[in-house]
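*Asks:* Have a look at this one before I ask anything.
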Amino acid sequence: MINMENVKLSNGLVMPRVGLGVWKVPINATAKMVATAIENNYALIDTAKQYGNERGVGQGIKDGLAATGKSRQDLFLTTKVFNGDQGDYDRVRQAVNQQLQNLQTDYVDLLLLHWPVFNRYNTSWRALEDIYRDGQAKAIGVCNFNVEHLTNLLDHATIKPMINQIEFNPRIHQPDTVAFCQGQHIQLEAWSPLGNGQLLDNPVINRIAKDKGKSPAQVVLRWEIQQGFIVIPKSTHVTRMQENADIFDFTLDADEMEEIAMLDEEKHTIWYDKYKWSGNPDGVDDYIACDGTF
Ligand code: A2P
C-alpha cells in the first residue's frame, strides 16, 4: 500500500507527495506565491537556478515562515543545478553555494541535476555527492534522465540518485524510464503533472471528475500519485493551490486508472536535446543544450 501523503526516499528522508512548482513564475511574483503556498500548508517547494526566481523563493520562504510560525525544518525545498554550471566540479560547488545564499538557507532538502548534459553529468554528479556528504543537500537526484543516462550514471556513481524528476502526466508516460527507476528504488517525481493545464478540458477526465465530485486537476494528480509519483503542480491562484493539495480523500479504481492511461501520446512538452537554456534573469548568460552544443 502506497503512503499517499509522504514518500520515504532510499536514504530514509521523508518527502511530501504534493508540492508547488514555480517554473515560469516571474521573480517578482514568486515570493508572494511561495508564502501563500506555505500559509496553505504546502511543505514542498520546487525551484531551479534556471527558473531565475530562487531569490523570490528565498524571500517567500522567509515571509511564509514568519506568517505561520513554522520553521525551515517544516519545509522541503528542492532546487537544481543549471546546465551552464555542469561538467566542472568546482563550478557546480560554487554555483550551489550561491544558490543557497539566494534561497537564504544553509541547505536544500533535495538537489537535482536539471538535465543530463552530454559528457558532463558524471562530473556534476561527483560534486553533488560531496554536497550531500557535506550536508548542503539532504538528498540528491536527477531530472530528465532516461535509462541510458541512468545506467551510465550508476556505472560512475558512489551514491545512487534518490529521485528522478521527469515529465509525466496522462499524455506522456515514459514507461521504460519509470520501470527502470522502480527497479532501482529511485523515487519518481512528475513535472508538468497537469500537462501545463492543457489536459484539464479532456472529456474523459471531466467525466471521471464529475463522477467523483472532484475537479479535473484533482483527478489527474490522483492518477499520478496512485502510481507512486510525487507531483509538483504550479498555480498562481490560491484556490487552485488548495484544490491541488486536496487529493487524499478519494480513489480512482482500476478501470478509471486505465481509461486515463489511454490518453497517452508519448509527447514531450520540451524536446530537451534541442532546447537552449539561456536568458536567466539572475544574470546567468551561459547556456548549453543537453547534446553539449552551445
Ligand atoms: P495558473 O497558474 O493560472 O493557476 P503544470 O503544473 O502541469 O505545468 O500546469 C500548470 C498550469 O496549470 C498553469 O497554467 C496553471 O495556471 C494551471 N493550473 C494549475 N492548477 C490548476 C487547477 N487546479 N485548475 C485549473 N488549472 C490549473
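Cβ coordinates come from backbone N, Cα and C, glycine included.
Taken from TrEMBL, the feature domain 'NADP-dependent oxidoreductase' covers 20-264. Sequence annotations record features per position, and here TrEMBL assigns active site, proton donor to TYR51. As annotated by TrEMBL, site 'Lowers pKa of active site Tyr' applies to LYS80. According to TrEMBL, the substrate binding site annotation covers HIS114.
Just tell me what is around each of these and how deep it sits.
*Replies:* Close to TYR51 (active site, proton donor) in the fold, though at least 6 residues off in sequence, lie VAL22, TRP23, LYS24, VAL25, each with a CB less than 8 Å from its CB. Under the three-state DSSP scheme, TYR51 (active site, proton donor) falls in the helix class.
The C-beta environment of LYS80 (site 'Lowers pKa of active site Tyr'), restricted to residues of the same chain at least 6 apart in sequence and closer than 8 Å, consists of THR47, ALA48, LYS49, GLN50, LEU111, LEU112, LEU113, HIS114, CYS143.
Look at HIS114 (substrate binding site): DSSP puts it in coil.
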*Asks:* What is the total of other Cβ atoms whose distance to the Cβ of HIS114 (substrate binding site) is within 10 Å?
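*Replies:* The Cβ of HIS114 (substrate binding site) has 25 Cβ neighbours within 10 Å.
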